[in-house]
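Written below as C-alpha cells is the structure these notes are about.
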Amino acid sequence: MSFSRALLWARLPAGRQAGHRAAICSALRPHFGPFPGVLGQVSVLATASSSASGGSKIPNTSLFVPLTVKPQGPSADGDVGAELTRPLDKNEVKKVLDKFYKRKEIQKLGADYGLDARLFHQAFISFRNYIMQSHSLDVDIHIVLNDICFGAAHADDLFPFFLRHAKQIFPVLDCKDDLRKISDLRIPPNWYPDARAMQRKIIFHSGPTNSGKTYHAIQKYFSAKSGVYCGPLKLLAHEIFEKSNAAGVPCDLVTGEERVTVQPNGKQASHVSCTVEMCSVTTPYEVAVIDEIQMIRDPARGWAWTRALLGLCAEEVHLCGEPAAIDLVMELMYTTGEEVEVRDYKRLTPISVLDHALESLDNLRPGDCIVCFSKNDIYSVSRQIEIRGLESAVIYGSLPPGTKLAQAKKFNDPNDPCKILVATDAIGMGLNLSIRRIIFYSLIKPSINEKGERELEPITTSQALQIAGRAGRFSSRFKEGEVTTMNHEDLSLLKEILKRPVDPIRAAGLHPTAEQIEMFAYHLPDATLSNLIDIFVDFSQVDGQYFVCNMDDFKFSAELIQHIPLSLRVRYVFCTAPINKKQPFVCSSLLQFARQYSRNEPLTFAWLRRYIKWPLLPPKNIKDLMDLEAVHDVLDLYLWLSYRFMDMFPDASLIRDLQKELDGIIQDGVHNITKLIKMSETHKLLNLEGFPSGSQSRLSGTLKSQARRTRGTKALGSKATEPPSPDAGELSLASRLVQQGLLTPDMLKQLEKEWMTQQTEHNKEKTESGTHPKGTRRKKKEPDSD
C-alpha cells in the first residue's frame with residue numbers, strides 16, 4: 001500500500017479505523033520502520049523473555065545511571081500520527097500510562113528483561129515524561145495510544161515501546177551478555193600467551209625477614225645472561241640497580257617516575273631493576289625475581305604481583321616472600337602447568353621479645369627504633385626525645401626517598417650523634433637500618449576499610465613480624481635483635497600477636513585493563529569512567545583464587561577529572577597516576593594537569609615553576625614541611641606523566657633537577673624537625689602540650705579483642721585510657737583524638753560548631769517544652785553515678 005493510500009485509510013471513522021489498525025501499520029511499515037505494538041505482542045514477548053534475561057548473576061542495578069531522552073519537539077512534517085488518527089487527549093493518555101504502570105503482569109515481564117523494581121520505576125517516569133512532553137510522537141506509538149484510548153487495544157500493547165525506551169536510557173540492558181564476557185576474569189593465565197608458550201621454572205624462596213632469601217635470588221639474577229628484578233618500592237628498585245652495576249652487571253632502572261639506562265649508546269642493558277607495576281610481560285629473560293610475593297594479597301596493588309607471576313617471560317622465576325603465600329602460588333601455578341620448588345630459609349640472627357616494656361623515654365639506648373602509626377605520635381616522641389638531650393632520626397611514608405635515605409644514613413653512621421630512630425611502619429621494607437631494638441609505641445594502626453570507614457585495629461601478625469624483623473639484621477652492627485612495647489599493658493598483646501600463625505593467603509588480586517574498559521565504553525558510550533569501573537567490578541566473574549582489587553583511588557581520580565574533555569585512553573592513564581588523595585594540592589594538581597592537557601597546552605618547566613611558586617622557602621613549622629612534601633609529590637606526578645605523554649610534559653630532566661633541590665630543602669627541614677615542632681606549638685599549629693611519655697590511649701585487658709574492629713570516635717569507647725598525669729589535667733578527649741591523628745584541628749573546629757548548634761537547639765526545645773533535654777539530665781546525674 002502506498003503512503004497516500006495509507007493516509008486515505010486513516011480518514012475512516014474511528015470504529016472502522018480501529019478495525020483496520022493492523023492494515024495501516026502494515027502499510028506504513030516501509031515508511032516508518034517496524035511497529036512493535038501490534039496486538040498479541042505481549043504474549044510473544046513473554047515467551048521470549050527467558051532467553052532475554054541472560055546470565056545467572058544478578059547485577060547491582062543501582063549502578064545503572066539513566067540517560068536523558070529529550071521529548072520530541074515540533075516535526076517539520078507535522079504530526080503524522082494525529083493526521084492518521086486524531087490528536088491525543090493528554091488526560092486520557094495519562095490514565096492509560098498509569099494503568100500500564102500498575103499492571104502486575106507488566107512489572108513481571110519487565111523483570112524478565114532485567115528491569116527490577118528500581119529500573120522499572122525510573123524507566124516508566126522517563127517514558128511517561130517523554131510521552132506527555134513531546135509535541136508529536138512517532139506514528140506507531142501514537143496509533144497504539146489512540147486505539148487504547150478508544151478501547152480498541154489493551155494497555156499491555158505499550159510494553160514494546162516502553163521496553164524500547166528503557167533500553168535507550170539503560171543501554172546496559174541490551175548488552176549484558178557482552179559485558180559479562182568482557183569482564184570474565186576467571187582464567188587470568190590466558191591473558192599472557194607469551195608466558196604460556198614457554199615452560200618456566202618457579203622457585204619460591206620462603207622465609208622470615210633477615211633470612212637471606214632475597215640475597216640468594218639476587219645472586220642468581222646477577223649470574224644470569226639477562227634478568228629482571230621486580231620490587232615493591234622505588235627504594236628497593238634503586239638498591240638492586242646500584243648493587244647490580246657495582247657488581248659489574250650492567251643494569252637499567254625503570255620506575256613509574258624514572259628511567260635510567262647505563263649503556264653509553266642508550267641501548268637497553270640485559271638486566272633491569274623495576275617496580276613491580278613496571279615490569280614487561282613480553283620481554284624474554286633468563287631469570288626474573290619477584291620480591292615480597294606475599295603482597296599479591298594487597299587490596300590495592302595485589303594485581304601487579306599477579307600480573308608478574310603469571311606473565312613474566314623468564315626461564316626461571318624466583319619468588320621471595322612469606323611462607324603464607326606458598327599454597328596460593330602452587331595453586332596458581334597448577335593452572336599454568338608449572339611446578340614450584342620451595343626453598344626454606346631460617347633467620348640469620350636471633351630475635352627475642354623482651355619481658356619488660358620501655359615504660360619511659362628515659363630508658364632509650366643507642367640503636368633503638370620507636371615505631372609509631374601516626375605522624376602526630378612521631379612529632380610528639382621526637383619532641384620528648386629532644387627535651388631529654390638526645391638526637392633522633394625520623395622516617396615516615398610521605399617523605400621523599402632521598403630524605404628517607406639521608407635519615408637512614410644518619411642513624412646508621414656510628415660516628416653520628418644520632419642514635420635513636422622514630423619511624424612509622426615505612427621501615428618495614430626498602431631500607432637497610434642498623435637497629436638493635438624495636439619499640440612499638442602502639443599496637444593500634446588506623447586503616448580504611450572497603451566501605452571507606454576509618455578503623456582502629458591491632459596490627460596483624462604479618463605486619464608485626466615484618467616490623468620486628470628489622471631488629472638485629474645480619475648486615476648491621478647489632479647481631480641480636482630485641483622487640484618490646486612502650487607500655488607494659490601492650491606487651492602481652494604483642495607476644496600474642498607474634499605467636500599467632502600467619503593466615504595463609506587465599507586469593508590474588510586482579511585489575512581491569514585499559515582494553516577491557518575501552519570495550520565496556522564501546523557498549524556504554526555515555527557512561528562516566530567511574531561508572532564504567534563500578535559496572536565492570538559488579539559484572540566481573542572471578543574464581544576462588546582471585547579477587548578484584550579495590551578501585552577507590554582510581555574512581556576518585558576519575559570523578560575528579562570527569563568534567564575535563566579527554567579521550568577514554570588518556571583519561572584512564574590520568575586515573576592510574578599514583579596520587580595521595582589526602583593531599584588537596586596534589587589532587588588539584590592532577591586536575592590542573594588534565595585541564596592543560598585537554599587544551600593541548602604543554603606543561604613546560606617555566607609553567608610548573610609558576611604553578612608551584614618556585615623558589616620555595618625552607619620550612620618554618622610542621623605545616624610548611626607538609627606543604628613541601630605535597631609539592632614533591634606534585635613533581636613526582638609530573639615525572640610519572642612525562643613518560644606517558646612526553647610531548648605534553650616535555651621538561652622531565654629539568655623537573656628532576658628541581659625535585660632534587662626540593663629534596664634537599666625537605667632534608668634540612670627533617671633534620672631540624674624538633675625546631676619545626678617547637679614553632680608549630682608556639683603558633684598553635686600543632687598541639688602537643690601535656691603529652692605524656694606513653695601512648696595516650698591503649699588497648700588493655702579484655703578490651704583488646706573487643707576493639708579490633710571499631711570505627712571513628714567509637715573506638716575510644718572500647719579503650720582503657722591511662723590516668724592523666726598532673727601536667728595533663730586539661731587533656732580532653734578531643735585533644736587525644738587530635739594527637740592520635742584521628743582528627744585534624746580544622747575537623748575539631750567544625751565539630752565544635754556543630755556541638756554549639758546542637759546545644760542551642762536543645763536549649764530552645766527546653767524553653768519551649770519546659771522540660772530538660774535528655775543530654776542535660778544525664779550530665780547532672782554523672783557525678784552521682786561515680
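Just so it is clear, glycine is given a Cβ too, placed from its N, Cα and C backbone atoms.
If you look up Swiss-Prot, you'll see 1-22 marked as transit peptide, on the strength of sequence analysis.
In the three-state DSSP reading, K99 (N6-acetyllysine) counts as helix. For K99 (among others), the entry in Swiss-Prot reads N6-acetyllysine.
Annotation comment: Swiss-Prot describes 194-334 as domain 'Helicase ATP-binding'.
Taking all protein chains in view, 18 other C-beta atoms sit within 10 angstroms of the C-beta of P208 (ATP binding site). In three-state terms derived from DSSP, P208 (ATP binding site) belongs to neither a helical nor a strand segment and is classed as coil. Marked as ATP binding site by Swiss-Prot on the basis of sequence analysis: G207, P208, T209, N210, S211, G212, K213, T214.
According to DSSP, K220 (N6-acetyllysine) is assigned to a helical segment. Taken from Swiss-Prot, the feature N6-acetyllysine applies to K220 (among others).
Swiss-Prot lists 353-518 with the feature domain 'Helicase C-terminal'. The domain 'Helicase C-terminal' (353-518) scores a mean pLDDT of 91 in the predicted structure.
Swiss-Prot lists 690-730 (among others) with the feature region 'Disordered'.
As annotated by Swiss-Prot, compositional bias 'Polar residues' applies to 693-705.
Taken from Swiss-Prot, the feature phosphoserine covers S725, and the record attributes it to a large-scale study or a structure entry.
Annotated region 'Disordered' per Swiss-Prot: 749-786 (among others), in sequence order.
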CB-centroid shell, 8 A cutoff, ATP site G207, P208, T209, N210, S211, G212, K213, T214, site residues removed: Y345, R347, L348, G469
Around the Cβ of G212 (ATP binding site), the count of other Cβ atoms that are within 10 Å: 15
Distant-in-sequence Cβ neighbours of T214 (ATP binding site), under 8 Å, six or more positions away: H205, V289, D291, C320
Separation of alpha carbons, K220 (N6-acetyllysine) and T209 (ATP binding site) (Å): 19
Between P208 (ATP binding site) and K220 (N6-acetyllysine), the C-alpha gap once rounded to whole angstrom: 20
K220 (N6-acetyllysine) to S211 (ATP binding site) - Cα separation in whole Å: 16
G207 (ATP binding site) to K99 (N6-acetyllysine) - Cα separation in whole Å: 70
Rounded inter-Cα distance in Å - K99 (N6-acetyllysine), K213 (ATP binding site): 73
Summary of DSSP states over the domain 'Helicase ATP-binding' (194-334), given as helix, strand and coil counts: 57 helix, 38 strand, 46 coil
